[in-house]
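Student: Below is one structure. I have some questions about it.
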Amino acid sequence: MSAIRRVEVSGGTTYSIEIGAGLLDDGARLARTVRGRHALIVSDENVAPLYLARLEAALHASRPSLSVAHFVIPPGEHEKTLARFGECLGALAALGATRDASVIALGGGVVGDLAGFAAACWMRGIDCVQVPTTLLAMVDSSVGGKTAVDLPSGKNLVGAFHPPRAVIADTTALRTLPDRELRAGLAEVVKYGAIFDASFLDWLEAHAEALLARDDEALAEAVARSCRYKADVVARDLYEHGDRAMLNFGHTFGHAIETEQGYAGTRGDGLNHGEAVAVGMVLAARLSAALGRASAADVDRLKHLLERLDLPTSIPDGLAPQALLERMRLDKKADAAGLRFILWDKAGAARIVAGVPDDAVLAVLAAG
Ligand code: ADP
Ligand code: ZN
């Protein structure tokens with residue numbers, strides 16, 4: 001087995017993220033993160049047939065006394081509901097879970113958010129161990145402690161800050177991930193380079209092919225570096241009052257595209273979240289250049305890297321600039337002072353800018 005990378009996260013509680021090939025079968029490591037006598041594994045119908053038995057066997061081998069049950073939901077964002085949350089609590093009740101029980105989230109962001117929120121609420125909070133199986137969950141949602149479910153009126157409207165007890169990311173689980181899901185995760189990886197570290201963009205340029213080929217070492221390095229950037233910003237700003245908002249680079253535009261398409265990406269006929277963020281980052285970079293912040297060369301560099309990763313870089317046909325602008329006004333990230341964006345000073349350095357004039361935004365949207 002190759003080296004295991006470890007990232008410590010602090011701020012509120014402290015936990016570690018461990019990244020490496022084969023960690024799913026490392027029962028001793030998994031068992032160390034589980035304190036009590038009960039564990040509920042939450043997963044979905046795509047992931048469970050691939051990895052649930054392995055995880056259960058590994059846990060059983062190193063802790064035979066642990067009472068393990070599972071709760072498996074159908075796949076997809078539309079399953080992140082209060083109804084599934086209630087069923088998950090029911091599964092904890094059926095297991096006889098006590099205050100030292102653990103929830104283990106085995107899956108992508110949907111499973112992680114739902115399982116994390118159930119853990120946050122069961123007996124006012126029990127341990128949640130995140131075992132992310134998508135790249136997006138490894139580099140983003142499993143780290144930082146945001147948990148939530150959706151309501152019919154909007155995404156993530158009910159939730160809690162509940163940092164995990166540990167995050168265990170096995171890069172070999174990414175071998176079965178559909179191509180589009182892998183690329184969506186890579187968009188968020190590029191985001192970290194774009195806002196925090198131009199040298200990480202160099203690294204990504206040098207390893208684009210290896211990442212697309214799912215090379216374990218390249219993936220582990222990309223996940224570890226991404227988690228480190230996120231851990232740094234989360235430690236400074238656990239509850240998202242300031243710096244953590246930097247992670248929304250590309251997301252104001254991206255969310256407008258996602259909502260204008262009616263979250264079509266979750267049905268497969270529009271952009272998914274990572275793809276929308278890829279387009280959003282290019283738009284944010286171009287807006288930065290238009291406002292005299294970033295250079296055109298930096299914008300081209302970002303666009304070229306995203307293209308090499310097979311990600312979209314322009315607004316899909318049929319989305320009107322004015323409609324997208326209206327969506328951004330309704331976004332919870334907007335405020336009375338006008339639109340707020342995360343803008344580049346240059347590649348690797350971004351800041352939050354309020355009061356961005358509508359006409360500058362419209363010009364960028366109109367150029368596509
Ligand atoms: P996210 O992209 O936010 O992590 P999901 O939890 O919706 O989102 O996962 C994306 C899709 O990928 C879901 O259909 C899920 O079942 C599937 N999936 C997750 N992990 C794997 C994996 N390792 N192999 C195959 N499919 C996976
Ligand atoms: Zn995102």
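Glycine is no exception: its Cβ is also placed from the backbone N, Cα and C atoms.
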Student: Looking at TrEMBL, which one out of K146, K191 binds NAD(+) in the same site as G109, V110, V111, G112, D113, T133, T134, K155?
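Tutor: The one candidate that TrEMBL places in that NAD(+) site: K146.
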Student: Suppose a student reads TrEMBL and sees E188, H273 listed for Zn(2+). Which of H162, H251 should they find annotated at that same site?
Tutor: H251
Student: Compute the C-alpha separation of G109 (NAD(+) binding site) from H273 (Zn(2+) binding site), stating it in Å without decimals.
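Tutor: Roughly 11 Å, rounded to the nearest whole number.
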Student: Over the domain '3-dehydroquinate synthase C-terminal' (185-334), work out the mean pLDDT and round it to an integer.
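Tutor: Looking only at the domain '3-dehydroquinate synthase C-terminal' (185-334), pLDDT averages out to 93.
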Student: Just name the most isolated of the binding-site residues K155, H251, H273, going by other Cβ atoms within 10 Å of its Cβ.
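Tutor: Output over binding-site residues K155, H251, H273: least Cβ neighbours within 10 Å is K155.
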Student: Using the Cβ centroid of E188, H251, H273 as the reference point for the Zn(2+) site, which residues of the same chain not in that list have Cβ within 8 Å?
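Tutor: Along the chain, the qualifying residues are L136, D140, A184, A187, K191, G250, G254, G274, A276, V277, G280.
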Student: Report the binding-site residues (G109, T134, E188) that meet this criterion: Cβ distance to the nearest atom of ligand 1 under 6 Å. Use sequence order and write none if nothing qualifies.
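Tutor: By the Cβ criterion, which requires under 6 Å to ligand 1, the hits are G109, T134.
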Student: Nearest by CA distance to V111 (NAD(+) binding site): which of the binding-site residues is it, out of E188, H251, H273?
Tutor: H273
Student: Which one is closest to E188 (Zn(2+) binding site) in space, judged by CA to CA distance, out of the binding-site residues D113, T134, K155?
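Tutor: Checked the binding-site residues D113, T134, K155; minimum Cα distance to E188 (Zn(2+) binding site) goes to T134.
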